[in-house]
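Asks: Feature table excerpt (TrEMBL):
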DOMAIN    31-464  domain 'Major facilitator superfamily (MFS) profile'
TRANSMEM  27-56  transmembrane segment
TRANSMEM  68-90  transmembrane segment
TRANSMEM  102-119  transmembrane segment
TRANSMEM  125-146  transmembrane segment
TRANSMEM  158-180  transmembrane segment
TRANSMEM  186-208  transmembrane segment
TRANSMEM  271-294  transmembrane segment
TRANSMEM  309-333  transmembrane segment
TRANSMEM  340-361  transmembrane segment
TRANSMEM  373-397  transmembrane segment
TRANSMEM  409-430  transmembrane segment
TRANSMEM  442-460  transmembrane segment
């Protein structure tokens, strides 16, 4: 079969007399949305703390008087997410994508309850850690689960739906923050209701199947074929089964288990992991969660001191995040991952320079209102450029660049890099702005964006529309040249 979505083609595949499009199969879309609730939890947890922190500071004076304690409340969820992501890859490979999702939901609900009843900042920090564990596992699981159940021609758009759920969760968190601003126990409600989507996903997930690729490669072929028959037409189904059979034969020639160090023993895997982990790191170091975690605080730095007004302005930024992600869902399978990331980073750079200029001019001028609005425009433009590209691209690329036996391990490791980078940014932003000023801090982020642009050009290949096997061949060619591109990846443990 000729794949039309190879470079220079339309991005779709003819199956019989129709083309595969995003809405071709309602079963796949439903599966994607339910799995994507993990992304909703991710986004809600990211956004809700920015508003809740304003009221936590009002209730606990020790928090209000300590930037370090504020950063710890924000970043403790990231510590949990780092551990959750690191172990999530192993859980995915050992027990499957479905059980990993269910376990993440249970831990998240427990954490949300602890946060809601926390009598002091330290119990609140414990709840944030538990929620982070659940988010970390979900951040690894959802993209892989969706990717393994998606036709290759629309895989980018479907995996990006998980990112839409992340941005939608962030937008929802700002709506919830505004809704509870006048309610007694404001921040407790803001944090506590986060458990509701996790409960919904848990019960819906009970009715979903396991990933067909995981089932097939774990020798439950009949169940795998039953799931695939709901995704593909009969002609395409036969080809998918043939590809899985070839992948199964290759897996049996490798060691049964893959360890973390095996990733670095194969030249192909080193290149793949460098691309995936690098994208995840630059996603954070270009400042997205600086903006999302501290958006209301940034608004107050810009001169809008009312809690309600700061939250309202942040709501517009969150809405732009969701809208931009919808645009990204369309573009990622048409423009491609690489071009989308590069154009996104170019816009992010210009927006960060505008933000830095607004704050630098504000400190040297009495016209704080004018430059305050310029800072708001800078935040909105930053998100408008970031959301369609650097939002979905790292997660999409990481869901498709690793072979099956490495997918859980490498996905977990790269997600851990994301969370470590996220933690560094969240834990240091207020301290750096206090030491250097807000303008210079955004200039530092702009400089990092330039490095990210160069990284994508050098290390990230285009994977639009390719099957997992074709992506695997890319790394073989990059590692050993085109003459070896038909050979399988080295078995785990082989030296490069």
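Using N, Cα and C of the backbone, Cβ positions are placed for all residues, glycine too.
Please treat TrEMBL annotations as automatic predictions, because they have not gone through curation.
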Asks: Under 8 Å for C-beta pairs, could you tell me which stretch among 125-146, 373-397, 409-430 has the largest tally with the transmembrane segment (271-294)?
Replies: 409-430
Asks: For the transmembrane segment (340-361), which recorded stretch in the set 27-56, 102-119, 186-208, 309-333, 373-397 gives the largest number of Cβ pairs separated by under 8 Å?
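Replies: Stretch with maximum Cβ contacts: 373-397.
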Asks: Under 8 angstroms, Cβ to Cβ: which one of 27-56, 68-90, 125-146, 373-397, 409-430 has the largest number of such pairs with the transmembrane segment (186-208)?
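Replies: Top-ranked stretch among 27-56, 68-90, 125-146, 373-397, 409-430: 27-56.
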Asks: With a cut-off of 8 Å between Cβ atoms, can you find at least three pairs linking the transmembrane segment (158-180) to the transmembrane segment (27-56)? Only pairs 6 or more residues apart in sequence count.
Replies: yes
Asks: Under 8 Å between C-beta atoms and at least six residues away from its ends: which parts of the chain pack against the transmembrane segment (102-119)?
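Replies: Answer is 38, 41, 80, 84, 88, 91, 126-135, 137-138, 141, 188-189, 191-195, 198-199, 201-202, 205-206.
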Asks: Residue list, the transmembrane segment (309-333) vs rest of chain: Cβ under 8 Å, 6 or more residues beyond ends.
Replies: 5, 11, 22, 47, 50-51, 54, 153-157, 160-161, 163-164, 166-168, 170-171, 173-175, 177-178, 181, 291-292, 295-297, 299-300, 340, 376, 379-380, 383-389, 391-393, 396, 464-465
Asks: Which residues, given as numbers and ranges, are at least 6 beyond the ends of the transmembrane segment (68-90) yet have a Cβ under 8 Å from it?
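Replies: Residues packing against the transmembrane segment (68-90) from afar: 45, 49, 53, 56-57, 62, 100, 104, 107, 111, 121, 124-125, 128-141, 293-294, 408-413, 415-416, 418-420, 422-423, 426-431.
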